[in-house]
């Protein structure tokens, strides 16, 4: 979150638009390292993969890949389960497929996948498939390597406005807006307007582009060829004039201001971007025309006019910023802009329906029904648009669309080819494999049994000793405050009785160890511990790494809820918590009843930490709450529930006599997984910024059993980690 800067006694998020200023300078410095150029917008990915909404089908994955690769220009639509912002600015799409591996492999070797689990914030469970590539890309796919490079235009050195004086409450605001035409070089400025805090126009100049104009965009820019013929002013002249006009503590205001500063090839340290100031859900933005009408009651960009008036737009953005500063965010919230926009769109739809009355039924049907997802050969669609996809790995498709194996190719060879060829392709599929000797059905079954056994131990705690006549009901009640209990049994093999409790979520077991060890329960001072087995020797390491997992950032676990509480009750109870984004109430997958716990996701990690202090001991309808950092808040909790209730059934026909063979090969398998993790890290680091990268564990669906897959995804940003 951007820091707030005080202006006229009110706070404004001065960092809201700093992407166009401070970040551009950083990108310029990184240009030599192959980073994104300053004139390019960054693409972003958002997905509500939390709780029960974490299972994604192959059709949904297909939606994402199709839109990422083709975009709106080729009739592809935004995926239904996530959203890509600025898709056209994606540098490429890279899909890394870990052949014959499943979610089971990821969590069996969770500690070995050190880099993979830290690179990607978004994860989802993937429905398993018997033939993954065929189900994803359709039949008849013809994959060929890319032979031509798609280079990125170089970036000129940007000019600093040199407004480096510290900002204060009296720092002046200036509204800025530019109109651009499309030239052989790209977007170039053709008109610049600057207004002061009183709305007086200080600069309103036409600018002669350096390169030949390809499209004047007259409908939007209002610029024509005739208007630019007598113009002598160049971009460098505008840069000089702006530097002279702006005082050293100036604050620039605009709508999507980064585009204007990029076109001006200038850097300014303090800006207000009204497209970010009046934020929408999921990172979307309101248009300036809508905000001017809804907030200021002004009509701008009227259709009767030829193009936009940059002075009018600059003045509107300035007044919007002033409104926000003077009235504050509470007043903006009262305007209910989302509702106003929805009403406006419905009115537009009604008008269109009235115009198309003869075809009204057909129009209404198209409006109400979700678009039908036809599935032609995905790779053929790419090639029609001139994109030649790249496929590297042990499985390749021939011209008939059949998968052909090439087992002589090693992961190291695949990586080397990928490092050379991926930069030359806009869409790449890279396949790695552990090798056939490590994915045999009996080894998979043994692997499943080991994971199930470890999870069971991590969900189990032993408490005691108790007196001979202790009250079991009191023990169950006290330990039930930590979370949902699956089973509770009394251990009688010991001198004094102990209780063995198996929970349904990892957080509950850990909370019991942390809060009840050494406590007095049922009249006895007890010790609480997990089982002591060889598989549990690294339990503390697991707990620590799960807490630090990027998927659990800003997420806390809350226990002690009464079963009578509804989701609406909880939302009302927790509404006072700062930056609360999502509430997830787990349900029993068989009965459908909610458990006595929930997960809270916050926009900021610090807000989650603050909430922990508030919630611990908080009383809700007579029940005291307990909380801690989340360990398995996303897709993992559902998988744990399934494993915990499977009794080994999901692993297929488990061949116990082969368990010894698995133990012999497990050390080699760990080494292979660590190397594989290193390969993925190396490939990821080589990718150009703004590349969508998806890592897929396809899952297993065969006669020997079924295991769900796993997906990890993100868009590589300047920091080298997926953008959230």
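Using N, Cα and C of the backbone, Cβ positions are placed for all residues, glycine too.
As annotated by TrEMBL, region 'Disordered' applies to 1-44. What TrEMBL records for 32-43 is compositional bias 'Basic and acidic residues'. Taken from TrEMBL, the feature domain 'RRM' applies to 459-533, 554-632.
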| said: Summarise the domain 'RRM' (459-533) as counts of helix, strand and coil residues per DSSP. | reply: 20 helix, 25 strand, 30 coil
| request: Grab the pLDDT values for the domain 'RRM' (459-533) and give me their mean, rounded. | output: 95
| Tally of DSSP helical, extended and coil residues in the domain 'RRM' (554-632) | 19 helix, 26 strand, 34 coil
